[in-house]
Amino acid sequence: MANAQKDILSWADKSGEFKRQQSSFRDWISSKPDAEFPAEKGRYHLYVSYACPWAHRALIVRKLKGLEEYFPYTSVHWEMLEKGWRFATKSDNEPGEEVTPDPVHEGFTHLRDVYFSVNKDYEGRFTVPTLYDKKQKRIVSNESSEIIRMMYTEFDHLLDDKYKSLDLLPKDLKDKIEETNEWTYNDINNGVYKSGFATSQDAYEKAVTTLFKSLDRAEADLAKSSGPFYFGDRITEQDVRLYTTIIRFDAVYVQHFKTNLRDIRSGYPNLHKWVRNLYWNHPAFGTTTEFTHIKKHYTKSHKQINPHSITPLGPVPDILPVDEEVAAVKASK
Ligand SMILES: N[C@@H](CCC(=O)N[C@@H](CS)C(=O)NCC(=O)O)C(=O)O
């Protein structure tokens, strides 16, 4: 329990580099009826935060695969203080669907209550996403990369053709996707955190330069892609995994995590076009993006880096309309 109380910056090592902890629950839902966690309606509950890029992956895939009835969910409140994520109260009135008290456990006030109900001696972090099995009263998984992969295949036998046929990890692209995942995860998804939570100048500079090298790489890949998705006309896992960081980039990371060598809207035309298409034209992306939660969570929960919890007003708008560019980009065309 002592570990669980540590603030997030304390995961930095002696060199000042942020180290993300391994997820603790790593079971899998399976399509096999005799499985320990079988694919069933009414059995699972997903705890997320609209603020969190890892949880956001699960919300996007749930909708892309038409799994809404299989994964009812609750978003915690954006505020994450000493006791970790808290559930919204009846009187909180935050934007977004399902920002409610815990509908599964009456009286639970924090996500940690769910973790402790499963294991009273739990010593890890209380992270979202958390996939909970109501029948066995157990946590199946709190690792987003695995939760989304369960969603791709294990429910297909229960889904309409439209959703069954959507393959986010097609065989012919699997190796490419895995290879892209590697640097997207290390340098971009986690790279923004390594930048923002670094506690030494060297660690910060190393993380930020690596991050921008990999953003350049994604930009070059998108310039070569026939679009509108990362790998051409098929939406894949790579779109999901990259989107949740890029959509937060200008809105919060540029200033809060000091990832400010460039921003997306004025520095990365292909990433900008790609992210606007996903946000505006694909509801699984747009309707699961809640900028209020994103901006308020980071700026009002990380007191170590923003002690007065002031949330900057900009950028305005959070995301540009699908065909609009910032003035400087427009002028240069
Ligand atoms: N590896 C995990 C990481 C999840 C994660 O770090 N979530 C953050 C929010 S963005 C969290 O819940 N942090 C709470 C804490 O560390 O105390 C995953 O991808 O599912």
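Using N, Cα and C of the backbone, Cβ positions are placed for all residues, glycine too.
Curation does not apply to TrEMBL; its annotations are automatic.
Worth saying up front: this structure is predicted, and the values here are computed from it rather than measured.
Record note: TrEMBL gives ARG125, PHE126, THR127, VAL128, GLU143, SER144 as glutathione-binding, and the candidate from TRP85, TRP183 in that site is TRP85. With a cut-off of 6 Å between Cβ and the nearest atom of ligand 1, the recorded positions VAL128, GLU143, TYR253 reduce to VAL128, GLU143. Ranked by CA distance from TYR193 (active site, proton donor/acceptor), the recorded positions ARG125, VAL128, SER144, TYR253, TYR298 have TYR253 at the top as the closest. For the domain 'GST C-terminal' (170-298), the DSSP-based tally of helix, strand and coil residues reads 98 helix, 4 strand, 27 coil. In the three-state DSSP scheme, TRP85 (glutathione binding site) is classed as strand. Of all the binding-site residues listed here (TRP85, ARG125, THR127, VAL128), TRP85 has the Cα closest to the Cα of TYR298 (site 'Lowers pKa of active site Cys'). Of the listed binding-site residues, namely THR127, SER144, the sparsest Cβ surroundings within 10 Å are found at THR127.
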